[in-house]
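Here's the structure we're looking at; comments come further down.
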Amino acid sequence: MFSIQNYTVESLANQFGTPLYVYDGNKIEEQIGKMRKAYEGTNLKLKYACKALTNINIMKLMRKNGVDIDVVSTQEAHLAILAGYEPHQIQYTPSGVAFSEVQEAVALGLRMNLDSLPLLEKFGQIYGSSLPICLRINPHIMEGGTIKISTGHKDSKFGISIEQADEIYEVVKKYGLRVVGLHQHTGSDFKNAHVIIEAAEKLFELAYKYFPNLEFIDLGSGFKVAYKEDDHITDMEKLGKGVVKVFNEFCEKYGKEVELWFEPGKFLVSECGYLLARANVVKHNPGRNFVGVDSGLNHLIRPMMYDAYHEIVNGSNPDGEEKEKYDIVGYICETDTFGKDRTIPVVNEGDIIVIKNAGAYGFSMASNYNSRFRPAEALVYNGEVHLIRKRETMEDILKNQVMLEL
Ligand SMILES: *Cc1c(COP(=O)(O)O)cnc(C)c1O
């Protein structure tokens, strides 16, 4: 039987029902430890990109481990504050938001990361030199697993083009803006570790030329994690060695010990998460077998949206000798495949199917499509299990609908 720490998936499914997201809190701590180790010898600050998994208890766990937060909306900032963060521990990295939201973020006391020239101009007009800011630079590097999740290339909407450095500087001078950080985020799942060094070097050049008062350089995230065995992943230790070397050389030349920031999402929470679903039906069609489970793209959209591969296990019988090839599909009324042609131990109706690496961009991208409830979430931590989000009910589905007398 497949277990998460000391809990079998059957016992978790029986206690909380299915579909169910389960997170292993100790795995998150391991990942934090790996990052800290990889960047030893620098003044490292970790910011958890909480859009990956926004349950408030996960944020609390990050806080307990000394990890700050990166948010992309003021709503996420409110959650972080509820999780106990001080506003100055929250970096706000929006993309193309209304200026009113930027003002709200300022009022909350968040650290600002600005991503366009028009925004910089407006910000300058209103706040001048009164607030420290960070600039999100687009270094024009094509990376990231697919074009859908790549953010640092020339045609990406993100950041201020590095080719507009002179224009940035004009605005900064005009309003006396206090630039204390430079940021880049190349996109998720980059394959070549050296791109982050390439991007870093572009930021260093900007720093030398225009920004003498930096407090930090933020190298974003995009670390690739293993979704299947022998997947090409970011070797954090090796990458760390390379980054530490160029970063320390930068600090020396710059004449100041600046902080090195990263804002990982997936790297911290992907592997900790499992989506548990029950096999509703096992269907043997001519030429193809299907396992239909009580979940779907409404709960985990990555396979359909990004063609993401998630390892799938028959949690009720993970080591069974007798195997069969299946497509594992959801219960949504459109094509809704979690995994194709997976050879796993024979599945019987009622078995618990475990979809791995479901911690990042799983629940946080879930919807009520087909008017299905979103799953419950449970956290296993130090050998104890806690419910951290209740399953939805019909009330949640109806909450904001306005009933007319028709
Ligand atoms: C989404 C996001 C991240 C996290 O990316 P991962 O690939 O999940 O690590 C980091 N920084 C910014 C600005 C983001 O938008």
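Any Cβ shown, glycine's included, is placed from N, Cα and C.
Note: TrEMBL annotation is automatic and uncurated.
What TrEMBL records for 21-359 is domain 'Orn/DAP/Arg decarboxylase 2 C-terminal'.
Per TrEMBL, domain 'Orn/DAP/Arg decarboxylase 2 N-terminal' is recorded for 27-270. Averaged over the domain 'Orn/DAP/Arg decarboxylase 2 N-terminal' (27-270), the predicted model has a pLDDT of 92.
Per TrEMBL, N6-(pyridoxal phosphate)lysine is recorded for Lys51. DSSP assigns Lys51 (N6-(pyridoxal phosphate)lysine) to a helix in the three-state reduction. All protein chains included, Lys51 (N6-(pyridoxal phosphate)lysine) registers 17 other Cβ atoms within 10 Å of its own Cβ.
Positions annotated as pyridoxal 5'-phosphate binding site by TrEMBL: Gly222, Tyr361. Tyr361 (pyridoxal 5'-phosphate binding site) falls within neither a helix nor a strand when secondary structure is assigned with DSSP, and so counts as coil. Listed in sequence order, the residues of the same chain lying 6 or more apart from Tyr361 (pyridoxal 5'-phosphate binding site) and placing their CB within less than 8 Å of its CB are Lys51, Ala52, Leu53, Gly265, Lys266, Ile301, Arg302.
In sequence order, Leu297 are the residues near Glu334 (substrate binding site), counting only same-chain partners six or more apart with C-beta under 8 A. Residues or ranges marked as substrate binding site by TrEMBL: Arg302, Tyr306, Glu334, Tyr361.
Within the same chain, residues at least six positions away from Cys333 (active site, proton donor) with a Cβ under 8 Å of its Cβ are Asn370. Annotation comment: TrEMBL describes Cys333 as active site, proton donor.
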List the Cα distance (Å, whole number) between Gly222 (pyridoxal 5'-phosphate binding site) and Tyr306 (substrate binding site).
15
With H, G and I counted as helix, E and B as strand and the rest as coil, say where DSSP puts Glu334 (substrate binding site).
coil
Quick one: of Gly222, Arg302, Tyr306, which of the binding-site residues has the smallest count of other CB atoms within 10 A?
Tyr306
Is any of Gly222, Arg302, Tyr306, Cys333, Glu334, Tyr361 (recorded positions) within Cβ reach of ligand 1, i.e. under 6 A, and which?
Gly222
For Gly222 (pyridoxal 5'-phosphate binding site), what is the secondary structure state per DSSP, taken as helix, strand or coil?
coil
